[in-house]
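Pulled from Swiss-Prot:
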- Gly15, Ala16, Gly17, His18, Ala19, Gly20: FAD binding site (BINDING)
- 277-291: NAD(+) binding site (BINDING)
Amino acid sequence: MRPEDDRVYDVIVVGAGHAGIEAALAAARMGFRVLVLAVNPDTVGWAPCNPAIGGPAKGVVVREIDALGGEMAKTTDETMINIRMLNVSKGPAVRALRAQIDKILYSRTMKRKLETNPNIVLRHGIVEKILTEKGKVKGVVDNYGIDYLGKAVIVTTGTFLRGKIFIGRSTFPAGRMGEFPATKLTESLIELGFEVGRFKTGTPARVLKRSINFSVMERQDTSDEPLAFSFFDEPRVLPKDYPCWLTRTNPETHSIIRQYLEFSPLYGTVKLIEGVGPRYCPSIEDKVVKFKDKESHQVFVEPEGRDTEEYYLNGLSTSLPYEAQIKMIRSVKGLENAIITRPAYAIEYDYIDPRQLYPTLESKLVENLYFAGQVNGTSGYEEAAGQGIIAGINAALKLRGESPLILKRSEAYIGVLIDDLVTRGVDEPYRLLTSRAEYRLLLRHDNAHLRLAKYGYRVGLIPKWFYEKVLSLERRINEEIERLKKVAVKPSDRINDLLTSLGTSPLKESVSLYHLLKRPQLSYSTLKFLDPNPMDDPEVVEQVEINVKYEGYIQKMFEEVAVFEKYENYEVPYDLDYDAVPNLSTEAKDKLKKIRPRSIGQAMRIPGINPSDISNLIIYLDKKKQ
């Protein structure tokens, strides 16, 4: 590399958290030279809050990232110490994996993957300014005054934009505990026209393992079933060396919290925190204030890794003073002698209004400037990583001169996430939930590769052999379903006795294995006794069983998707003059001008746009086409 090339790159990624990692790796693997600027290169992919990946909806996102060619699932498999499948009894639409990771090893592994990629340079630097020229991004300036030039810039700053930590009435600037904040970049974004807001989040205290009495807590071991996040990895059973533990708060805990509320930066007499916090991950003082009737709340005591004695107190996030934290924690069963190694804290930070972005995550204000992760108003490692890979892919595709990758709401949770952000915006930290996805029975944990591998292959992040494997799987699933339709089972005493013993009604006439499998009491494995040629591939069997048992619901959902696609494919010109559209309400005009929806479908999802506005818009567009 020539010395002058050391400051010139194709893509510059600002930040090396979960969004930055996926963005950098995607762009680099698609053939572009990438610079990653991190406040601290030793905390790449850090898990500053819970040491876990996955959970409802979020676990599906991890698999979607994997199907697109991302890294989060693989690194989770490499570093996990405890893994479980959640919501097994609730059906396939809401099942999801959640793994405890060794957070130190996870970070080291991700750093290594960035450093060993020949197209990536990982470097320390706090970005202070975005450079632009004629409405197009040109590069960045760091805290040393160094100009780095890039054709595209991806901002993934997490909680670092003017980050401020709160512990009681003590407050100090930080991107997270022990790390410098980015104090000047927000000013640069505001100068470029970006609307900026303020959110807050928090994390619990960490306590020393030897000070915990696990004997009075409920043990939660890793799964007995072989599991893996990545479709590229072989599922395995982990040793039961790192269980999680469940305990609960009690009335004494809540009394201590109420006693110290006046010193809370959120509820105290001196209100220090103005930012809105996450609804679905409230602090313990939030729970005590808002749910006065609850006598206890769950606390999960989780290991942070193999080579550390620190445990994470999931459920005890707080910004109360240190003295209050000690008393509160020691009032909990099993934590009576707990030694705090790191105090809990709240952190307030800047985010941009994501309605200023296209669905590609490119800014509407500055060409080739992308944003991903918490800077867009989301919460969660998985949500950040999902945005990161999309931003990285789209930055690379634009530099190639190719069409962007925009995942629909009917295709992926990542599509739901990004559409919600750019269409509806955020007034609190956004967390993905299964309830946000209208088509969640189609967006399952088990079929992410069947849904998305084609896109990963198209952009060059998925190898040909894996894509062919997915196509083969799809073919074998369809062939097996057709075979089951053709295999008839005739009534007999033996068969009817078997069916009765399984809790289902006996046969009165010949019926196919396909129709028998629809019965809720029967599974593919129980039908093996009636099947002359059963399939032994568990992946095929799982897909066949879900598709047969839920056929009616799935078919209905596909019909709904067809209606959805009709409006999604009805394009709205970006430069449409909404003032020229007759009979549009003033509110509709204002919101349509701000969002500039790419389709009628997206316009329909903008809050405040009513059906008559949509009808008037369609009438106007139809007339323009004539």
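Backbone N, Cα and C define each Cβ position, glycine as well.
Since we're looking at a predicted model, the values are computed, not measured.
If you draw a 10 Å sphere around the CB of Gly15 (FAD binding site), it holds 31 other CB atoms from the protein chains shown. Taken residue by residue with DSSP, Lys287 (NAD(+) binding site) is part of a helix. Long-range Cβ proximity for Gly20 (FAD binding site), meaning a same-chain Cβ under 8 A and a gap of 6 or more residues, is found for Val13, Val14, Val36, Ala38, Ile154, Thr156, Ala372, Gly373, Gly388.
The binding-site residues listed here are Gly17, Gly277; among them, Gly17 has the most other Cβ atoms within 10 Å of its own Cβ.
What surrounds the FAD site, by Cβ distance within 8 Å of the Cβ centroid and not counting Gly15, Ala16, Gly17, His18, Ala19, Gly20, is the set Val13, Ile21, Glu22, Ala23, Val44, Gly45, Thr156, Gly158, Ala372, Gly373, Ala384, Gly388 from the same chain. All protein chains considered, the CB of Ala19 (FAD binding site) has 34 other CB atoms within 10 Å. The Cβ of Ser283 (NAD(+) binding site) lies under 8 Å from the Cβ of Gly202, Leu266, Gly277, Ser317, Thr318, Ser319, Ala346, each on the same chain and at least six residues away in sequence. Distance from the CA of Arg279 (NAD(+) binding site) to the CA of Gly15 (FAD binding site) is 26 Å. The two recorded residues, Ala19 (FAD binding site) and Cys281 (NAD(+) binding site), have Cα atoms 20 Å apart. For Lys287 (NAD(+) binding site), the same-chain residues 6+ apart in sequence whose C-beta sits under 8 angstroms from its C-beta are Lys294, His297.
Applying an 8 A CB threshold to same-chain residues 6+ apart, the list for Ala16 (FAD binding site) reads Ala24, Val36, Leu37, Ala38, Pro41, Thr43, Val44, Gly45, Lys111, Leu114, Leu122, Thr156. Counted within 10 Å of its Cβ, the other Cβ atoms near Glu285 (NAD(+) binding site) come to 25, all protein chains included. Calculated from their C-alpha atoms, the gap between Glu285 (NAD(+) binding site) and His18 (FAD binding site) amounts to 28 Å.
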